[in-house]
Amino acid sequence: MASPSHPSRDCSQVIDHSHVPEFEVATWIKITLILVYLVIFVVGILGNSVTIRVTQVLQKKGYLQKEVTDHMVSLACSDILVFLIGMPMEFYSIIWNPLTTPSYTVSCKVHTFLFEACSYATLLHVLTLSFERYIAICHPFRYKAMSGPCQVKLLIGFVWVTSALVALPLLFAMGVEYPLVNVPSHRGLICNRSRTRHQEQPESSNMSICTNLSSRWTVFQSSIFSAFVVYLVVLVSVAFMCWSMMQVLRRSKQGTLAAQGQQLQLRKLESQESRSARRQTIIFLELIVVTLAVCWMPNQVRRIMAAAKPKHDWTKSYFRAYMILLPFSDTFFYLSSVVNPLLYNVSSQQFRSVFGQVLRCQLTLPHANQEKHLRAHVASTMDSTRSACRPLIFPASQRSSSSARANMVFLSTFHSEAKPESKPQELSCESPEPNSERKPANPATRNGFQEHEV
């Protein structure tokens, strides 16, 4: 008999054995999902494969740092594994034919573990890529000490090891079991199920599904809730790093515009490419945050629903809400891996151009230094021609106008600000004449000194 504190009740709203076949969705949903999954699978595999090739081309041509390339390649590989490991098995065992016998326990465990590991590898890759850009933009001096092939390998290794640890509990908590088996020592609803068919032999009637094992309920709950915390931490961290990077770029822009003088105007011109690349990175990371929030949240809600209470305590409305959410959450989750190549194309015109070239198998991208070397060579040739055709001593007005134009072309070939070691060289370039007027920031004076030396 039930204890007086927990009287036996007839829970008419709680699901029973008659609802177990409803774990299999309707036929029209199956057909719709197979078409949607097929499109997502092809686009996802193709997009991420081309992304790997594009990043390698950009890195070889000098447009992308090797550290960023390694992160993007590893992220694309994790997305591809999500499709290869997760989509076929999940569609067959959860959507198309969820009701089976306990003989598929090993495949259920292995699939769940690998799928969870690859999914969170994608999530953590977004975190490490954001962290790498955050250090490069907000802490550039630390970036040189923290960047490098060894550090990148350690970060990527950290991602995969952590993902495996996050997924490891599911290797023990998942299996093939009748979904309405009572969880031992669980204080849930106490209902009179004497008139239901819970005591039938589900093994003989093919009523088992790949689900959490009742004997490992605590392990399953801990795994799902811990993974959800990891998801929230990644979202908050990436959002914070994007906000910090935007603040740094905004302060840098305001400082350049507020300054006066020829030298600071040249600094604005020479750093325009680097600031444009940084803006593209931030746009990409912002879109990644939105994607993670929109595409991952339905799947996280469904997982929380599964871990909040055992299935034998689910009400009919709770069960129907779960089954309605199931196809939508899975579809949006796979879209998060499809959308990464799309975000690369949206946030970077250069990436979009090379992406199209790779699809057409016609690579026409020149090396990044080719145009710079050409401009420098033309500027050097013109400067040598002028120096050979004019006298050594010029009036101050002519020297100022001509040398300012020459230095404008010369300094435009640089893409980073002068290092502190270059300051003594600027001081040594002053004219030795005591009566001459000179300003350290005036490019005409420096060019005049070069003519004086000639």
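Each Cβ is built from the backbone N, Cα and C atoms, and glycine gets one as well.
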Cys108 - recorded disulfide partner, Swiss-Prot, among Cys210, Cys242, Cys295, Cys361: Cys210
Recorded membrane side (Swiss-Prot) equal for Ile34 and Ile137: no
Asn206, Asn345 - residue that Swiss-Prot labels as N-linked glycosylation site: Asn206
Residues satisfying Cβ distance under 8 Å from His19 (Zn(2+) binding site), sequence separation of at least 6: Lys316, Phe319
CB contacts for His17 (Zn(2+) binding site) [other CB atoms within 10 A, all chains]: 18
Tertiary contacts of the topological domain 'Cytoplasmic' (56-69) (same chain, 6+ residues out, Cβ under 8 Å): 129, 132-133, 147-149, 151-152, 350-351, 354, 358, 363, 365-369
Sequence-remote partners of the topological domain 'Extracellular' (306-323) [C-beta within less than 8 Å, at least six residues beyond its ends]: 13-15, 19, 22-23, 25, 179-183, 186, 188-189, 198, 211-212, 214, 217, 220-221, 224-225
